[in-house]
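Feature annotations, reproduced from TrEMBL:
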{"type": "DOMAIN", "residues": "180-545", "note": "domain 'Peptidase S53'"}
{"type": "ACT_SITE", "residues": "Glu252", "note": "active site, charge relay system"}
{"type": "ACT_SITE", "residues": "Asp256", "note": "active site, charge relay system"}
{"type": "ACT_SITE", "residues": "Ser457", "note": "active site, charge relay system"}
Amino acid sequence: AGFRSFCSYDWTHVGRVDPTEELELTFALKQQNSDLLEEILTLVSDPDSAQYGKHLTLEEVSSLVRPSELTQKVVHHWLQSHGITNCLTVRTRDFLQLWSFLFYVLRVAETLLPGSKFHRYIRDGHSLVRSSAPYSVHDDVHQHLDFVGGLHRLPPKGQDLNKASSNRKQKQSKAGVHLGVTPAILRARYNLTATDVGTAQNNSQAVAQFLEQYYSPADLAEFMGMYGRSFKHLSQVDRVVGTQGAGKAGLEASLDIEYIMSTGANISTWIFTNPGRHESQEPFLQWMVLLSNMSDLPWVHTISYGDDEDSLSTAYMMRINTEFMKAGVRGISLLFASGDSGAGCRHLGKEQNSFRPSFPASSPYVTTVGGTSFKNPFKVTYEVTDYISGGGFSNVFKMPDYQASAVDGYLKTVTATLPPQSYFNTSGRAYPDMAALSDNYWVVINRVPVPWVSGTSASTPVVGGMLSLINDQRLLKGLPALGFLNPRLYKLKGQALFDVTEGCHLSCLDEQVQGKGFCAAPSWDPVTGWGTPNYPALLAALLAE
């Protein structure tokens, strides 16, 4: 049975690999009881259920989903029959990692996975090893595997946050001096006071970073010294999981850590950093494997990472979704940025386009965060759509029950102004779920304050920090962490959020839609979700038992 190949987009092929190099493959073994896992997630995340907040431990999740004895035997036997014995497994036994020398692998991996041919690709000075051709596995083994990682997927290009910003810079500098978004501005807009900081001992939050991004401890300390004076805060990260590269600090990494720690102020913060130990690794997959392996994890994770849904295999996304469910049943909240391309655009053929959803933003099991701008860029006013805010409808995942009536309400309200039906899938998972400011942030990078930084990778850690503060209050009251937020968020029906009702995001530049995607509307919409957090009201709503 075959698995499809990848498209190498902006990567340059530089030839077959040298036989003396290393390769890492990750085998995702078929898990058991994924239907039951989904049922449990629904029960522990629905505030009207008697099971609400009764989260499972990693051990309980493991015994629920662990691959069957048969699956484990078949896969191990298959690997051993090719002379492969040095595998690492995770606690849940559903990922196997194989790490060996490539001469061993060129001979072995290409017989293990018929059809695969390993080549090297480079982009911006980084090089990766991937297979250029689709691979297959023997039918007897195929039914026991979801996919093999480290063969096809190439990391997407990170959003150029300066580019998102420089487009606007020209427009706004003519009008005068904009001071831009800082922690104080966010606290004013979302009604956080100086006392809204963390105090619970057992609370923590995390950002996860991929794509060769590093944060600088000196920049973080400098940022807090400049912008954190009005509230109690921490100026250093408590734990780095993975290897921080020695390169220059990345804008994305600095933005994430500076804003989760100034919004979720005084809360212990971790950073998961994974540039990929070497060229055959998939950093995002590595992070998922880590979550599957650590019993003690922060309650809130914010991730500014995404890929076009159509560039990934359905088997891969389905499996990643199961990993998201496993985090949710443990009480962990995963927040993903909705993306910075509005509705996106995919060219299907002559004169024919459709919108282009992004994953994991389109996963039904994560909370997806869109972006807004101030109506008046010079004042703390109400918010309108930020035209880059990612949003739309999945082409892969069906619409989850928790959002059906909200989305239906939107589609009925705006029927007259909706883009043509051929551009999107009305029955798919719709996103984002909520939003926050994503325009004109100040970030300290390489010891210098830099203005005009924009993107949903700014709004996501801001929402994450606020959810951490709410978890803090819940933990102090002896309540469980919020876990997977969406079922509860949609039951609030917009209560405790500032509704965003103005503006549209961008999409295909063609005759039919002329660059316009979806537009904001009263209540939920696929541009800003339910709107932006009014912190004291959201705290009260989410503290209620």
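A Cβ is built for glycine as well, from the same backbone N, Cα and C atoms used for every other residue.
What you are looking at is a predicted structure, and each value in this text was computed from that prediction instead of being measured.
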Integer average pLDDT (0 to 100) for the domain 'Peptidase S53' (180-545): 93
C-alpha spacing of Ser457 (active site, charge relay system) relative to Glu252 (active site, charge relay system), in angstrom: 7
Length of the line joining the Cα atoms of Asp256 (active site, charge relay system) and Ser457 (active site, charge relay system), in Å: 7
Largest tally of Cβ atoms lying within 10 Å of a Cβ, found at which of the active-site residues Glu252, Asp256, Ser457: Ser457
